[in-house]
Number of protein chains: 2
Amino acid sequence: MSNRGMLIVLSGPSGVGKGTVRKAIFEQDNNKFHYSVSMTTRQMRPGETNGKDYYFVSQDEFESEIAAGDMLEYARYVDNYYGTPLKYVNKMLEDGKDVFLEIEVNGAMQVRKKCPDGLFIFLTPPDLMELRHRIIERGTDDLATIDKRMHKAVGEIEMMQNYDYAVVNDEVPVAVEKIKTIIRAERWRVKRFLPNYKKQLGDVFK
Amino acid sequence: MSNRGMLIVLSGPSGVGKGTVRKAIFEQDNNKFHYSVSMTTRQMRPGETNGKDYYFVSQDEFESEIAAGDMLEYARYVDNYYGTPLKYVNKMLEDGKDVFLEIEVNGAMQVRKKCPDGLFIFLTPPDLMELRHRIIERGTDDLATIDKRMHKAVGEIEMMQNYDYAVVNDEVPVAVEKIKTIIRAERWRVKRFLPNYKKQLGDVFK
């Protein structure tokens with residue numbers, strides 16, 4: 001009988017580089033996480049693959065999933081839905097696998113309520129001006145969208161206090177190493193460690 | 001102006017090897033902790049140095065310190081006092097230095113009450129039989145003392161749930177590496193990170 005896996009949630013403001021950091025973690029040979037691919041109604045960007053970067057679905061399809069209660073979390077963000085289908089996540093956790101979610105902050109708070117024993121990591125920009133710069137450089141959004149995102153980002157940084165850890169994304173390899181250190185350490189947190197330890201001690205402990 | 005240092009508390013049952021692990025951490029070149037030497041009334045053992053392993057004092061001297069409110073924590077254990085003098089610890093934390101305490105479990109709980117923002121790590125034996133074996137091998141105590149310690153150890157393992165992290169001391173270098181990983185990760189915990197981060201963002205954040 002395996003122990004239940006750990007749910008790891010990486011979130012942070014739009015444009016902070018969550019996707020880049022997550023990909024860098026998963027490109028390393030020694031990663032042992034299972035990535036839960038999100039579902040979205042936004043347009044596919046150049047270089048993205050359906051079923052790998054996201055499940056790209058229509059608005060009707062997404063709303064059907066919500067209505068059926070099949071989403072662990074979802075958010076409507078810049079006129080598009082983003083969310084995590086529930087069934088794969090639960091199956092992997094029950095099989096003792098660690099599941100890694102990379103999601104928006106609203107979604108992360110929904111997951112926190114449903115899975116309070118998850119590990120919640122907030123990725124944050126070096127400063128807000130740097131965030132603004134990054135969004136502009138990506139060049140896929142108009143200025144009204146950027147301002148909307150900037151305004152949202154200030155509120156999101158206030159939300160940091162709802163997370164367990166915060167990592168500044170100043171350099172991707174550094175952020176990746178910090179996140180991996182956090183996940184390693186978290187395995188020895190008493191709330192995760194004690195149930196298994198008691199089981200190991202068995203009769204001696206009684 | 002420096003930020004207040006972090007108080008790191010390593011504790012665990014008697015005989016688990018707290019002293020060995022603490023020494024191994026401090027023997028590494030890259031350790032940045034300041035060790036707070038404990039005070040005790042027990043007999044000095046071969047190889048120990050006064051002011052380095054402990055401050056060895058008389059029972060009268062120790063009780064004067066308690067009466068003066070000058071102990072961060074103390075415990076009477078196997079007919080001897082063990083404790084941490086307050087003044088050095090506070091001075092180092094205020095100077096922004098990280099202070100490392102290696103103390104008994106009763107003392108650790110006193111520190112937890114006084115310093116709830118400390119980092120509390122519980123070192124635990126692979127199993128209780130291994131603990132018993134280690135105590136006997138040390139050969140400094142009679143069997144009645146050992147049984148007293150064994151009984152106490154079972155209760156101490158129950159106390160694990162009052163700590164932030166638990167590390168099994170199966171191999172010293174492995175335990176040392178785990179403890180260093182935990183301390184690294186803990187610097188990015190939101191409760192430690194957010195106050196400094198807000199300061200850095202300054203006006204942009206308002």
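Our numbering is plain: 1 for the first residue shown, then up by one each step along the chain.
Keep in mind that glycine also has a Cβ here, set from the backbone N, Cα and C atoms.
Unlike curated entries, TrEMBL annotations are predicted automatically.
These features come from TrEMBL:
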BINDING   A:GLY12, A:PRO13, A:SER14, A:GLY15, A:VAL16, A:GLY17, A:LYS18, A:GLY19  ATP binding site
DOMAIN    A:5-184  domain 'Guanylate kinase-like'
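Positions of TrEMBL features highlighted on the structure.
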residue : record           : Cβ within 10 Å
A:GLY12 : ATP binding site : 29
A:PRO13 : ATP binding site : 27
A:SER14 : ATP binding site : 21
A:GLY15 : ATP binding site : 21
A:VAL16 : ATP binding site : 26
A:GLY17 : ATP binding site : 19
A:LYS18 : ATP binding site : 21
A:GLY19 : ATP binding site : 13
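Excluding the listed site residues A:GLY12, A:PRO13, A:SER14, A:GLY15, A:VAL16, A:GLY17, A:LYS18, A:GLY19, the same chain places A:LEU123, A:PRO125, A:ASN169 with Cβ atoms within 8 Å of the centre of the ATP site Cβ atoms. DSSP classifies A:GLY15 (ATP binding site) as coil under the three-state reduction. Per-residue pLDDT, averaged over the domain 'Guanylate kinase-like' (A:5-184), rounds to 87.
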